[in-house]
Structures are given as structure tokens and as C-alpha cells.
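Chemist: Quick one: the structure is below, and I'll ask about it shortly.
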Ligand code: ZN
């Protein structure tokens with residue numbers, strides 16, 4: 001894959017930043033694409049832009065505000081609480097988001113002569129998002145290839161990793177400190193370790209604590 005070009009779907013969070021490092025290791029050329037869908041925190045776009053700049057990765061921001069027009073949700077509207085009711089999808093779920101994002105990323109990738117797409121979706125820490133499942137990604141890959149008569153390959157390096165293993169991957173890519181201090185995952189818009197209380201921060205910290213204690217344990221043995 002080393003001689004080829006990849007486009008990374010990039011939000012500036014822990015997962016997609018780890019994917020960006022992964023892509024830089026595996027491909028000769030890497031670009032990043034970020035979707036502006038009127039996120040609750042505009043800072044997300046700025047963080048993505050500054051990380052891409054620091055890593056010397058060409059970065060495109062695409063306007064996807066129509067997504068918010070179609071499906072208002074807790075990630076874009078401050079009057080919708082972040083919650084998950086028993087038996088329902090969480091209020092952070094946006095219908096069609098990954099379908100649309102990956103489709104637009106594919107159109108962009110083809111124009112830029114890239115056939116590899118990289119996305120940080122993950123089935124293991126499954127929040128109940130149907131479009132993070134491996135079966136969906138494989139199905140979309142076939143659909144994109146048929147739609148554009150092009151051999152896209154969608155890569156999902158985090159698909160079967162839990163949060164601790166995602167930190168381990170960042171560490172193996174020599175990016176643990178970078179990811180820990182420069183990315184934005186927090187639903188309350190606080191960079192690095194975040195607010196410490198929202199579901200995204202809790203998940204991120206639990207994974208980091210678990211990985212660091214495993215690493216320490218491995219050194220002791
Ligand atoms: Zn938080």
C-alpha cells in the first residue's frame with residue numbers, strides 16, 4: 001500500500017487522529033477530509049485543521065450543513081440532551097451520517113486520485129450506531145465501487161479494537177502523547193483530557209487508564 005494515496009475521514013478526535021497516524025505509516029500520500037455539519041462545537045473544525053497542518057497533511061473541509069437540516073441531533077443542537085434511553089439509539093446518533101460522509105469522502109478521493117479511504121469507525125465500543133458496523137462498511141464499499149466504477153478500499157483500523165487497544169495503537173505509532181494532548185473527543189468541547197464527565201470523556205479515560213496499567217504491568221514482568 002506504501003506507494004498509494006489515502007483519504008482519511010478526520011474529525012480531530014482520538015480515533016480519527018490515530019487513523020491519520022496509521023494512514024501516514026501505510027501510504028505514500030495522505031489527505032484528510034473533515035465535515036462541517038454545524039457541530040455544537042466549532043472548535044472541532046479548528047482542532048482538525050491545526051492537527052492536519054502540524055502533521056503536514058492536506059486538509060479539505062466539506063460543508064455538510066444539510067445533515068443538520070435533515071436530522072437535528074444532540075451533536076449539533078445544544079437544546080437536545082446527550083442521552084441513551086433503554087432500547088433506543090443514543091441521541092448523538094445521526095441518521096445516515098457515515099453513509100453520507102464516506103460517500104462524499106469517496107467522491108473527493110476519486111477526484112484526488114486516491115482509492116483508499118480510512119475511517120475510525122469501530123464495532124467493539126459499539127454505541128448502537130448501525131453505520132459503525134463492519135457489515136455496513138463492507139456493503140458500502142461494494143456500493144461505492146459499483147456507483148463510481150472504481151476500486152475503492154475502505155480501511156477501518158479500529159474496527160475490532162476497544163478503547164485501550166486504540167491507545168495501544170497510538171502508542172505503537174509513536175503518537176500517544178500527541179493524541180492525548182491535542183485531540184478533541186469531549187462532548188463539552190474541551191481539548192485533551194476533556195471535561196472528564198461526559199460519556200466520551202469517561203470512555204476515553206477508562207481506555208487510557210486500562211492501557212497504561214497494562215503497559216506498566218508488562219514492564220514489571
Ligand atoms: Zn467531556
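Heads up, the Cβ atoms here are built off N, Cα and C, so glycines get one too.
The feature ATP binding site is assigned by TrEMBL to 10, 11, 12, 13, 14, 15, 16, 17, 18, 19, 20. The Zn(2+) binding site feature in TrEMBL is assigned to 186, 195, 198, 201.
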Chemist: What Cα-Cα separation, expressed in whole Å, is found between residue 10 (ATP binding site) and residue 186 (Zn(2+) binding site)?
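Modeler: Here the two Cα atoms lie 15 Å apart.
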Chemist: Could you name the residues, excluding 186, 195, 198, 201, of the same chain that surround the Zn(2+) site, i.e. Cβ within 8 Å of the Cβ centre of those residues, in sequence order?
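Modeler: Neighbours found: 185, 187, 188, 190, 194, 196, 197, 199, 200, 202.
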Chemist: In terms of DSSP three-state secondary structure, what is the assignment for residue 10 (ATP binding site)?
Modeler: coil
Chemist: Consider the binding-site residues 12, 14, 16, 18, 20 and say which one has the Cα lying nearest the Cα of residue 201 (Zn(2+) binding site).
Modeler: 14
Chemist: Rounded to a whole angstrom, what is the C-alpha distance between residue 12 (ATP binding site) and residue 186 (Zn(2+) binding site)?
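Modeler: Distance between the two Cα atoms comes out at 11 Å.
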Chemist: Checking proximity to ligand 1 here: which binding-site residues out of 20, 186, 198, 201 have their Cβ closer than 6 Å to it?
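Modeler: Those binding-site residues that pass the cut-off, since their Cβ is under 6 Å from ligand 1, are 186, 198, 201.
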Chemist: How big is the Cα-to-Cα gap, in Å, between residue 198 (Zn(2+) binding site) and residue 14 (ATP binding site)?
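Modeler: Given the Cα positions, residue 198 (Zn(2+) binding site) is 15 Å from residue 14 (ATP binding site).
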Chemist: Name them in sequence order: residues not among 10, 11, 12, 13, 14, 15, 16, 17, 18, 19, 20 whose Cβ is within 8 Å of the mean position of the Cβ atoms defining the ATP site.
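Modeler: Near the ATP site, the remaining chain residues are 8, 120, 179, 183.
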Chemist: Give me the count of other Cβ atoms within 10 A of the Cβ belonging to residue 186 (Zn(2+) binding site).
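Modeler: Taking every protein chain into account, the count is 22.
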Chemist: Sequence gap of 6 or more, Cβ distance under 8 Å: name the residues on the same chain that satisfy this around residue 14 (ATP binding site), in order along the sequence.
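Modeler: Sequence-distant Cβ neighbours: 166, 170, 179, 183, 185, 204.
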